[in-house]
């Protein structure tokens with residue numbers, strides 16, 4: 001009899017996490033299964049690090065970063081479920097970083113270098129570090145006190161701005177950064193219903209949300225298009241965040257060999273799905289505000305989708321102006337499209353992104369509210385601070401990282 005070859009550790013891990021299951025038996029199979037939870041947790045961190053949600057995206061050969069990627073700063077969202085901005089600033093200062101205060105312009109973000117960082121000029125809980133700053137091994141990241149999330153990706157939850165206690169749907173939620181942002185805005189008070197159809201992405205999201213301290217979220221492995229808006233379970237849902245599958249053409253981390261301009265056929269298919277899912281979201285009876293976003297640059301997936309669905313809805317919903325001071329606006333595809341916003345490496349020092357804020361019109365709707373309080377044209381400094389000065393200590397602290 002020929003002896004069975006002993007599988008290498010790399011092959012075992014590949015088969016367990018990426019393949020069709022373990023082909024070996026005996027003690028090797030038992031060993032791999034015993035460490036499965038730790039391996040899956042490391043896989044989740046790796047996907048967050050590479051900003052992907054699918055395992056397949058990790059298997060492709062790594063390509064050199066595009067020139068645009070080198071311009072985009074490293075954005076760090078402070079997870080207020082576990083800590084506060086001033087504690088995180090103090091922690092980084094103790095690690096040898098120089099805090100330069102609150103940014104006053106995009107040029108200040110562009111000029112960042114070395115071990116220096118700023119408080120973002122638009123978002124009150126976002127810190128900005130020089131491009132390529134690697135914080136994946138930093139204690140604040142591994143403990144869930146900070147989230148490494150691009151600034152543009154922070155806009156949807158920030159502009160949705162549900163009040164604590166609200167019931168919210170995150171319709172296409174994986175990998176979960178926007179979901180954890182919603183939970184922080186809600187202060188874990190209320191309820192988030194988060195959906196994703198892929199079981200592996202749901203597992204990844206569960207890992208990330210647990211690490212972030214999210215307790216107000218109910219995950220469901222379900223296609224949002226199959227969710228019944230009339231289900232009493234969702235009768236109190238007033239806010240929906242919809243960030244559906246898209247071409248991803250705004251992601252500056254794409255390699256030179258990857259598709260940048262999707263085919264007309266693919267765009268048509270994606271836009272059809274996006275229109276269907278947006279229509280479904282707007283049919284929830286108690287809905288008052290919805291944010292539609294993509295990481296796409298294509299008009300077919302952005303302004304055209306919003307226009308088509310608004311025409312279907314008649315006068316039930318309207319687009320409201322998001323961030324009047326934001327420099328990059330929606331394309332003039334329909335009257336009012338300038339109320340939407342876009343993001344790009346050149347103009348906003350972020351990934352490419354599109355965001356539209358829709359609100360219900362007519363009786364029973366809230367008075368129009370174009371922006372969260374903190375996002376007004378001239379945002380006020382954080383309580384107890386002046387522009388360019390480090391925030392003073394708050395009396396009440398969350399978990400302090402030493």
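Just so it is clear, glycine is given a Cβ too, placed from its N, Cα and C backbone atoms.
If you check TrEMBL, you get these features:
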| type | residues | note |
| --- | --- | --- |
| COILED | 29-56 | coiled coil |
| DOMAIN | 64-361 | domain 'SAM-dependent MTase RsmB/NOP-type' |
| BINDING | 172, 173, 174, 175, 176, 177, 178, 196, 223, 243 | S-adenosyl-L-methionine binding site |
| REGION | 365-402 | region 'Disordered' |
| COMPBIAS | 391-402 | compositional bias 'Basic residues' |
**Asked** Just how spread out is the S-adenosyl-L-methionine site if you go by the largest Cα to Cα distance in Å among 172, 173, 174, 175, 176, 177, 178, 196, 223, 243?
**Response** 19
**Message:** Just to confirm: which same-chain residues, 6+ apart in sequence, have a Cβ under 8 Å from the Cβ of residue 176 (S-adenosyl-L-methionine binding site)?
**Reply:** 194, 204, 205, 208, 209, 212
**Prompt:** Of these binding-site residues, 172, 174, 178, 223, which scores lowest on Cβ atoms within 10 Å?
**Reply:** 223
